[in-house]
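Engineer: What follows is a single structure, and I will ask about it in a moment.
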Amino acid sequence: MESEDLQIGPEIFGELLQGCVYERAIHTGQQIHARILKNGDFFARNEYIDTKLVIFYAKCDVLDVANRLFFRLRVKNVFSWAAVIGLNCRMGFNEEALIGLVEMQQMGVFPDNFVLPNVLKACGALALVGVGRAVHGYTLKVGFDGCVFVGSSLIDMYGKCGFLDDARKVFDGMIERNVVAWNSMIVSYVQNGINEEAIKVFHEMRSEGIELTRVSLMSFLSASANLDALEEGKQGHAIAIIGGLELDNIFGSSILNFYSKVGLIEDAELAFSIIVEKDIVTWNLLISSYVRHGLVEKALNMCHLMKSKNLRFDCVTLASILAAAADTSNLKLGKEGHCYCIRNNLESDVAVASSIVDMYAKCERIDDAKGVFNSITNRDIVTWNILLAAYADFGLSGEALRIFYQMQLEGVSPNVISWNSVILGFLRNGQLNEAKDMFSQMQSLGVQPNVITWTTLIAGLAQNGHGNEAILVFQNMQEAGIKPTAASITCALSACKDMASLRNGRAFHGYVTRHDLCLLTPIATSLVDMYGKCGNTHQAKRVFDMVLSKELPLYNAMISGYALDGQAGEALALYKHLQKEGIDPDNITFTNLLYGCNHAGLINEGLELFCSMISKHRVNPSMEHYGCVVSLLCRCGNLDEALRLVVKMPYDPDAHIIGSLLAACRAHQENELADYLSKHLLQLEPENPGNYVAISNAYAAAGSWNEVSKVRDLMKEKGLRKYPGCSWIQIGEEVHVFLAGDRSHSNTEEIYAILASLGMEMRFNAEILHS
């Protein structure tokens, strides 16, 4: 046209700029802009061209130029406002987008169905549901509610703000629903953790014949991964293959992420291998998957492979490497990761710095963790919580409390995770009252305890011997409307086990039965353990038999129950069955079996087990295993063999082993050895009154009454008293505790009268048997 000297009007330049918008051809558009300027003010000051230039630069995300041209406009129409508001949304300047909406209305320009979706997007990003509702009201007023683009944006806004019922009302009320509307509804459900509904909408979408997009399938795969829904996820993968969707780095990463989350690592590896163009995100997904499933060597091999392809580690890669070091307590690997961060200026990233703190803490280098923490300039709540958790895990409650107050002084408000860590620190240190005070404080300050808070308190009380209180806390948790997890229930069952409270244990069994939780392995194992420790092996066996797919912890709990109940034969039979099932026993299995043989006096079986443990199963015996065998030999009168084993074992004998030898010496009149062992025992545990009583009994058996007096006098000098034996029984809601020699119970006279009657009856029956 120029070569023919044909006149080119503003509309031609406008069309050319529109073409550049479609192609996002920034350089061509800039050349056209230059040509417009060369043609003089008639073109350069033309309102139509000025608006087209604003739209062009806005669509090409050139913020400074678009804003400069926009502010120069003499007349700002709805198209220029739409372009600038849309640009602000895309660039993440959501507040400016909403301010733009207000300004355009003040200037008498009303938003249309191109402006409103961007405004709703800004509302969703800022979680301003109130503003979003106002915009929704405006769409109804001006009649844009029938626009599919506005409807889809409303669904997205309500979804991002967490108002799923409102999103669904908009969705159900749409006359026309395109694929964007369907995708918005599915994505909203997934973002809010309502994965079952997301899958349901996906199936409805297919039945309606709507063509699926990458977004549809990626959201469906994410929902399937979150639900551990293996079949659904595989179906999504199959749909993608049938639909000919290419596994690029974005869609391929979704499939890889699904297989990783459901634990199908080989399938994840296969998906990784066929992704056309792998970016750093794809590599990081597989590496983090390896770390999550404990495959540290594979994760490190992938890191080496990345380097061989000249790909640089980013913050996510380093966070995975440091997590691997933390999980395996591999300080060398952790330090290498830390050094890489320093060399590549990555330690300023908060997530990486937090991972370094966590790594040093997990490797029991708390001072190094604190040093790195102090070097972080922009500490967030996550970083503070990591250090808090580290001190809590070590039981350093005082330091954890100091950190808790320091974070508040620096303007960081503690969240429920912070409170949980302080409570855990107190419980680890045995400070139960302080832990309960913190629990009360958080509630009074409006911080609602979550299920982890309740479970931590239940576990801490149970572990510190306050089983009744632990059970009451469990009941309070239910009253507060918190649904117990498997961990909560196992902690409560542990409290029942430690108190030998069969009544409470049965109540919990009833609870898990009503809620269909009996077949969960951790709960079934805890039930078997509880019944076994309470002496009801019959009921323990019933629970054991209910579980179809049995794992080693369940076998160990049942074997322990038999061993405690003196049923060593049943324990050994179950051990043989375990091996037939192809399950390898561990050190806990052998501890329980040796304990059972010890109490049943099965010396040959016990020694055979001990040899099998070392030679066949390659389990290194611990001090506890040696203690069981020594006790077994001593009980059966093989003092010489017991001594030979003590000399050969790779540990210095502990008080338990020396106590077993001392009892055997007393039975065999080995006075000189008993004297030597007595002195050694008192050196090991000088404050244990039970040891003094054992030594005194040994001297008494040998007739050394002077030595008996010396030991008793030594106990008095140290202010030691033998802890009296204790037993208890629960009748109704009340637990009755009895100490040896204690006559303080209100029914003492009646109790002792019944005991005397029973004693007389037993003696009478014994005389009849002997006559």
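Keep in mind that glycine also has a Cβ here, set from the backbone N, Cα and C atoms.
Just lifted these from TrEMBL, have a look:
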type   : residues : note
REPEAT : 77-111   : repeat 'PPR'
REPEAT : 178-212  : repeat 'PPR'
REPEAT : 279-313  : repeat 'PPR'
REPEAT : 380-414  : repeat 'PPR'
REPEAT : 415-449  : repeat 'PPR'
REPEAT : 450-484  : repeat 'PPR'
REPEAT : 551-585  : repeat 'PPR'
REPEAT : 688-722  : repeat 'PPR'
Engineer: According to DSSP, how is the repeat 'PPR' (380-414) divided among helix, strand and coil residues?
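Structural biologist: Breakdown, helix to coil: 26 helix, 0 strand, 9 coil.
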Engineer: Please give the sequence-distant neighbours of the repeat 'PPR' (77-111): residues at least 6 beyond its ends with Cβ less than 8 Å from one of its Cβ atoms.
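Structural biologist: For the repeat 'PPR' (77-111), the sequence-distant neighbours (Cβ-Cβ under 8 Å, at least 6 residues beyond its ends) are 51, 54-55, 58-59, 61, 63, 66-67, 70, 118-119, 121-123, 125-126, 128, 131, 138, 142.
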Engineer: Which bits of the chain, at least 6 residues beyond where the repeat 'PPR' (551-585) starts or stops, bring a Cβ under 8 A of a Cβ in it?
Structural biologist: 521-522, 524-526, 528-529, 531-533, 535, 537, 540-541, 544, 592-593, 595-597, 599-600, 602, 605, 613, 617, 619
Engineer: How do the residues of the repeat 'PPR' (551-585) split into helix, strand and coil according to DSSP?
Structural biologist: 26 helix, 0 strand, 9 coil
Engineer: Using DSSP, what is the helix/strand/coil residue split across the repeat 'PPR' (178-212)?
Structural biologist: 26 helix, 0 strand, 9 coil
Engineer: Considering every residue in the repeat 'PPR' (178-212), what is the mean pLDDT value?
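Structural biologist: Taking every residue in the repeat 'PPR' (178-212) and averaging pLDDT yields 93.
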